[in-house]
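Below: the structure, in structure tokens.
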Amino acid sequence: MITKQHTHVLSRVHLFLAFFSIALGGTFGLLQGLVRAGAITLPSWLSYYQILTAHGLLLALISTTYFIFAFLLAGNGATLGDLSKTEYTLAKWGTIVLTAGVILAATMILKGDASVLYTFYLPLQASPWFYVGLALFVIGTWLFAAGLIHQYFAWRKAHPGQKTPLFAFLGTVTLLLWIIASLGVAATVLFQMIPLSFGWVQGVNVELSRTLFWYFGHPLVYFWLLPTYMAWYTVMPRLIGGKLFSDTLARFAFLLFLVFSFPVGIHHQLTEPGIQDGWKFFQVILTFMVVIPSLMTAFNVFASLESVPRTAGQRRSLFGWIGALPWGDVRFLAMIIAMLFFIPGGIGGLVNASYQMNAMVHNTLFVVGHFHITVGTPVMLTFFAISYWLIPHLTGRTFTPLANRLGILQTVIWSLGMLIMSWTQHALGLMGAPRRTAYTVYQNHPQAQVWFDTPWANYTLMAIGGALLFTGIVLMLVIVIYLGFFAPRSEKATFPLAEARDDGPQPAFLENWKLWLTITAVLILIAYTVPIFDILAHNAPLARGMRTW
Amino acid sequence: MHLHRYEKIWLSFGITSLIVFLAVLAFTAFAEGHTPPGGILTVSPESVDQVPPFNAPGVYDRGDYVDVYIVGQIFSYNPNRIELPLGKPVHFYVTTKDVVHSFTIIDTTVNMMLIPGYVNSATYTFEKPGSYLVLCNEYCGAGHQLMQMEVEVKG
């Protein structure tokens with residue numbers, strides 16, 4: 001019999017691994033900032049690109065996945081009940097397999113045999129065991145996701161005619177999105193990278209691999225964002241003592257995210273040959289379709305914020321709800337600051353995906369600024385906000401005023417660090433500074449000198465922002481350890497789920513999974529069939545694998 | 001499904017702006033020719049040195065315009081310094097002999113990927129004389145930060 005205790009333990013394991021990855025990845029990030037500013041040089045046994053690979057994989061892929069799995073597992077437990085034996089076995093073995101994959105890939109990076117960055121573009125050729133590690137990671141996530149998805153559909157079958165719990169519904173969309181997205185990266189890893197690195201084939205089609213990678217790479221960002229939105233929809237209204245404005249629209253927005261997250265990967269390949277202008281533009285249009293569910297989310301979340309209980313005075317004023325919000329509660333504060341960061345984050349994204357403007361920013365530090373102000377802040381800060389109540393919930397402890405004060409300090413440091421670093425990266429990118437490049441002055445070329453000398457945006461400022469963020473990580477780890485092991489015990493800590501305002505009966509098409517998965521598949525086929533066919537038809541000569549580090 | 005009146009206004013405003021935005025992108029792209037780099041010509045990375053025009057990379061003045069052929073390899077460009085005229089359209093054709101690189105001229109709109117197996121191309125007209133830094137902004141290996149060349153634009 002699988003009990004709540006089993007799920008809690010598994011969830012705690014994921015949280016622990018998530019924060020361990022954040023600690024390691026954050027340390028590497030600090031070093032990168034310092035190297036790039038010319039403040040330090042790395043010892044000969046450690047290369048900039050080695051730690052950059054580790055930083056990217058640990059923070060973008062590994063810590064996020066562990067955190068999301070911990071959150072979804074705990075939330076499903078709170079809304080659907082305990083896992084069945086099969087579901088628990090899937091989740092447990094999924095965790096083991098994906099962790100084995102992470103350890104294998106990380107070992108290869110530490111040995112210096114996989115300095116290929118977190119995009120591992122062919123024909124850079126890492127040790128085959130690095131790719132085997134990646135494949136195990138993906139397979140592990142599939143097993144884990146299968147367990148939770150099965151839990152959802154089993155509940156649905158056992159409760160015919162009932163609306164499924166919102167949290168579990170949104171979590172299921174998130175997991176389906178992950179599975180469909182990871183098919184792309186699994187294809188290039190299994191059929192191109194592993195055969196090449198073991199020497200079974202002599203060459204690979206690089207453009208095909210990149211297209212498969214970006215079919216995965218863009219929906220990956222929605223895999224980070226959707227759990228973030230889940231916290232905004234299902235938890236935040238409860239924290240402020242209000243109600244979710246619309247349950248139905250939350251579900252509808254998630255389904256639109258699912259549908260529009262895949263047929264868009266080519267907007268990462270706008271400066272590449274091998275893809276026709278017309279198809280590049282078509283995927284750019286589809287990319288911007290996510291504006292619609294994003295606007296729906298913004299409306300729904302802000303309308304929920306307005307439902308905060310107010311005093312008579314606050315009710316009279318149009319913006320009285322702002323003063324009524326619990327600004328002193330870090331569980332809320334971190335989340336709302338996360339939301340505000342998403343405004344410049346989203347605008348930067350519009351620039352990146354704009355067909356012709358992309359050439360101005362492609363592969364510059366602007367892009368780095370963009371993903372630090374999106375995944376690094378709206379997502380990470382929301383994950384921190386979740387941790388403040390999820391850890392006490394899982395460990396049976398209390399969230400104390402001390403933790404709250406430390407959390408507020410953490411939020412301030414993180415926001416300040418991110419403002420400085422991300423601002424600098426955006427500005428340096430517009431001045432042409434390249435991303436993913438070790439310290440260099442380009443033979444003192446004046447155009448490169450500007451990146452060191454401009455007073456309001458330079459590499460030193462970027463490193464200062466990075467150092468603040470690192471301080472934020474250290475403080476966060478202190479809070480996590482305190483909440484996990486030292487805070488006073490209490491059995492009262494719950495998973496704070498909000499109720500929704502009554503917005504009428506839910507239309508049946510929202511739970512018609514066959515319909516939505518079919519639309520998703522059709523859009524993928526429309527967007528990708530011809531570009532992939534073209535790439536195969538060009539029959540570009542294959543490239544041999546190379547180790548260039 | 002019920003939509004609040006304010007939400008209808010909000011979404012209509014958002015969707016209308018989106019359509020206007022995409023229309024502007026489409027107009028400048030297809031009516032004014034602001035399209036990103038690209039190309040479908042292929043070349044074997046291993047025989048780049050033997051195949052014209054990349055067997056003799058460099059600058060070719062064609063009268064009204066200029067053709068430039070550049071080969072990228074770890075961790076340099078061939079040639080590593082070129083001179084270009086002011087005010088004449090320059091067509092850049094680039095490819096790579098090994099891994100993925102980029103050909104990025106700082107302070108211009110020339111920023112494109114060198115993908116093994118393909119020739120990439122972009123056009124640019126220099127309006128300001130001076131020395132331009134060209135660098136590789138796609139990670140290509142241990143010496144990636146050393147990969148650079150120079151474009152000297154003379155009036």
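Cβ coordinates are placed from backbone N, Cα and C, and glycine is handled just like the others.
Just so you know, TrEMBL annotations are computer predictions that nobody has curated.
Taken from TrEMBL, the feature domain 'Cytochrome oxidase subunit I profile' applies to A:1-507. According to TrEMBL, the feature transmembrane segment maps to A:12-35, A:55-78, A:90-110, A:130-154, A:212-236, A:248-266, A:281-303, A:324-347, A:367-390, A:402-423, A:461-485, A:515-537 (among others).
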Checklist outcome for this item: Counting only residues at least 6 beyond its ends, the same-chain positions whose CB falls under 8 A of a CB in the transmembrane segment (A:55-78) are 4, 7-8, 10-12, 14-15, 17-19, 21-22, 24-26, 28-29, 32, 91, 95, 98, 102, 105-106, 109, 117-119, 137, 141, 144, 148, 151-152, 167-168, 171, 174-175, 220, 223-224, 227, 230-231, 234, 371, 375-376, 379, 383, 386, 390, 393-394, 494-495, 497
Next on the checklist: Applying the under-8 angstroms CB criterion, which one of A:212-236, A:248-266, A:367-390, A:515-537 scores highest with the transmembrane segment (A:12-35)?
Outcome noted: A:367-390
Item to check | Interface present between the transmembrane segment (A:248-266) and the transmembrane segment (A:324-347) (three or more C-beta pairs under 8 A) | outcome: no
Item to check | Leading stretch by Cβ pairs under 8 Å, where the reference is the transmembrane segment (A:248-266) and the options are A:130-154, A:212-236, A:281-303, A:515-537 | outcome: A:281-303
Checklist outcome for this item: Of the listed stretches A:130-154, A:281-303, A:402-423, A:461-485, the one with the highest count of C-beta pairs below 8 angstroms to the transmembrane segment (A:367-390) is A:402-423
Next on the checklist: I need to check the long-range neighbours of the transmembrane segment (A:281-303): which residues 6 or more away from its ends have a CB within less than 8 Å of a CB in the stretch?
Outcome noted: 218, 222, 229, 232-233, 236, 244-246, 249-250, 252-254, 256-257, 260-261, 263-267, 270, 339, 346, 350, 353-355, 523, 527
Checklist entry - List, by number or range, the same-chain residues at least 6 past the transmembrane segment (A:212-236) whose CB is under 8 A from its CB atoms? => result 60-61, 64, 67-68, 71-72, 75, 119, 121, 166-167, 170-171, 173-174, 177-178, 180-185, 187-188, 192, 244, 250, 253-254, 257, 261-262, 264-269, 287, 290, 297, 300-301, 304-305, 332, 335-336, 338-339, 371, 374-375, 378-379, 382-383, 385-386, 389, 496-498, 524, 528
Checklist entry - Over the domain 'Cytochrome oxidase subunit I profile' (A:1-507), what is the model's average pLDDT? => result 93
